[in-house]
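These notes are about the structure you will find just below.
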Amino acid sequence: MSTGEFDLIGRYFSIQKGNQHFVDFSIGDDCAITHIPEGYQLAITTDTMVEGTHFLSSISPQDLAYKAIATNLSDLATMGAKPAWISLALTLPKVDENWLSQFSQSLFDTLNQYDVTLIGGDTTKGPLSVTITAQGFVPKGKALFRHNAKVGDLIYVSGTLGDSAAGLNWILQGKSAVDFDTEFLVKRHFHPTPRVELGQALVDVAHSCIDISDGLVADLGHILTRSQCSAEIELSSLPLSTSLKKTYRLEKAEAFALSGGEDYELCFTVPANKKAEIEKLSQSLNLPYTCIGKIVPQNSNQTTFFKDGRVINYQAPSGFDHFKDK
């Protein structure tokens, strides 16, 4: 017997238990009904992941579900929002019960980890793709944006950079993870960590914020363009993981960190007089982040690179662009 759309929804996507905060009615009708807590605004983001463009055909259903959720939650984190709900549009080439079971289990495990509710969606037949709309709450008037960086701000990035791109590079070379370091890099490609707590903590400290999805240079460039300023970056300050440095030579590791993308770490700017406050916050969150440079007045070079204090002529590859990259 064939499995219809409503059978799929009922069997695999109506089973979440736990968080139903501010949800009046979810799966089972034409729309979900929700409400927003007093004193908050609603942040909304949508991302589509298409097989062959955003993920390899060899990706496991568990990894695909996790990464689809994580990338959307990362967008909410950049705005300082607490994730609340998602809706899911899933396009499938065929009905594979085993695949769906693994995908939905990972989906709900990830949602429960971040206290997020699936409130609706759609399923259809076609080339494999996952579209998620995520919504979250941000205190009224306190959302973080790209356009508010100020001259003199310090530029910080969370975690380490370049691991995801290095992991993908390893996979594309047809290599298997053979030790702790390569396993770490590959895992960071499939399992980035959305910095949800950090984003919420930055609303009273940071001037601007963005997540690193297309590469540090490209994403910081969005802040610089929108804020009409430039940046000075110290390459020796880039936070590189031990695994990345052990697996690749330094020049390659730096290239991954600057232009690789898909790290989903946060890049944010902070007034210099809040340096002590931001470093104390790092300790309370148990999350390292690193000052890599500063915001300067707008000039002909959007970003000037330094190495051990000396200006260098570094031509960073541009970040990923769907309509330019092939």
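Glycine is treated like the rest: Cβ placed from N, Cα and C.
Residues or ranges marked as Mg(2+) 3 binding site by TrEMBL: Asp30, Asp75, Asp211. What TrEMBL records for Asp30, Thr45, Asp75 is Mg(2+) 4 binding site. Annotated Mg(2+) 1 binding site per TrEMBL: Thr46, Asp47, Asp122, in sequence order. Residues or ranges marked as Mg(2+) 2 binding site by TrEMBL: Asp47, Asp75. The substrate binding site annotation in TrEMBL covers His54, Glu262, Phe320. The ATP binding site annotation in TrEMBL covers Gly121, Asp122, Arg146, Ser213. If you look up TrEMBL, you'll see Asp214 marked as Mg(2+) 5 binding site. According to TrEMBL, the domain 'PurM-like N-terminal' annotation covers 28-138. According to TrEMBL, the domain 'PurM-like C-terminal' annotation covers 150-300.
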Proximal residue to Thr46 (Mg(2+) 1 binding site) among binding-site residues His54, Asp75, Asp211, Asp214, Glu262 (C-alpha distance): Asp75
His54 (substrate binding site) - helix vs strand vs coil (DSSP): coil
Output field, Mg(2+) 1 shell: CB within 8 Å of site CB centroid, site Thr46, Asp47, Asp122 dropped: Thr48, Ser87, Leu88, Ala89, Val130, Thr131, Ile132, Thr133
Least buried by Cβ count (within 10 Å) of the binding-site residues Asp75, Glu262: Glu262
Counts of helix, strand and coil residues, the domain 'PurM-like N-terminal' (28-138), according to DSSP: 35 helix, 46 strand, 30 coil
Minimum Cα separation from Asp122 (Mg(2+) 1 binding site), reported as the residue among binding-site residues Asp30, Asp75, Ser213, Asp214 that achieves it: Asp30
Residue among binding-site residues Asp30, Asp75, Gly121 with Cα closest to the Cα of Asp214 (Mg(2+) 5 binding site): Asp75
Euclidean distance between Cα atoms of Asp75 (Mg(2+) 3 binding site) and Asp47 (Mg(2+) 1 binding site), Å: 9
Nonlocal neighbours by CB distance (under 8 Å) for Thr45 (Mg(2+) 4 binding site), same chain, sequence gap 6 or more: Asn72, Asp75, Leu76, Thr133, Ala134, Gln135
Cα distance (Å, whole number) from Gly121 (ATP binding site) to Asp30 (Mg(2+) 3 binding site): 9
